[in-house]
Amino acid sequence: MAPGAPSSSPSPILAVLLFSSLVLSPAQAIVVYTDREVHGAVGSRVTLHCSFWSSEWVSDDISFTWRYQPEGGRDAISIFHYAKGQPYIDEVGTFKERIQWVGDPRWKDGSIVIHNLDYSDNGTFTCDVKNPPDIVGKTSQVTLYVFEKVPTRYGVVLGAVIGGVLGVVLLLLLLFYVVRYCWLRRQAALQRRLSAMEKGKLHKPGKDASKRGRQTPVLYAMLDHSRSTKAVSEKKAKGLGESRKDKK
């Protein structure tokens, strides 16, 4: 830079605009989802699911593309394409008469079905979605394994085992609460009986005292009556004795 030349440092306004374009308004790429792997039996059919998320509304120009890479192969070939509301099955490859479109763009679904599976169908299938203006994003891949008989998945077995264990635990918890409820109910009944017995013992002495209080005047009356009777009999005996003396 020559001496006396004006400085070429960026202005603060330009720096703010650059920051806002990079940070405040980041581009959100389209996200595609598929299963990690699917299993199928020879002669059967299998559904390859494909869905996506986009920050934009579903466009009329949305497109789905499926590619297939054989097991052990290097190159992928296009086997299916959906655009302008119409499905197109590629005439190249062994899938041209065995692919069925079952997706619905309105529900962000780009799934296809492959019929009459064969061992040669083993490989990787890639789903690519474009929803203009949202066209930037990664594809998603699903690996197909074809067997003579579809093996039981490890996840299914694990889920069944976990479900069985949870069922046993819930049953034991239910049994525990039933036994506890019956025990508490019995304890409450015994407590009520004991309380009733204690109340009966407290009230019984009071009743006896009242009975004794009512019986006391009767006893005194009987005692006075016996004394008066005894005095009368003594007077009669004394009078008879004196009359006998006078006769003599």
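Positions of Cβ are set from backbone N, Cα and C atoms, glycine also.
As the structure is a computational prediction, the values presented were derived from the model and not from experiment.
Here the candidates are C127, C182, and Swiss-Prot names C127 as the disulfide partner of C50. Annotation for N122 (N-linked glycosylation site): same-chain Cβ neighbours under 8 Å, separated by at least 6 residues, are P70, E71, L144, Y145, V146. Distant neighbours of the transmembrane segment (154-179): none; no residue of the same chain at least 6 beyond its ends has a Cβ under 8 Å from one of its Cβ atoms. Per DSSP, the topological domain 'Extracellular' (30-153) is made up of 6 helix, 64 strand, 54 coil. If you take the C-beta of C127 (disulfide bond) and look for same-chain residues 6 or more apart in sequence within under 8 angstroms, you find V32, T34, L48, C50, F64, T65, W66, G110, T139, S140, Q141, V142.
C50 (disulfide bond) has a Cβ environment of 26 other Cβ atoms inside 10 Å.
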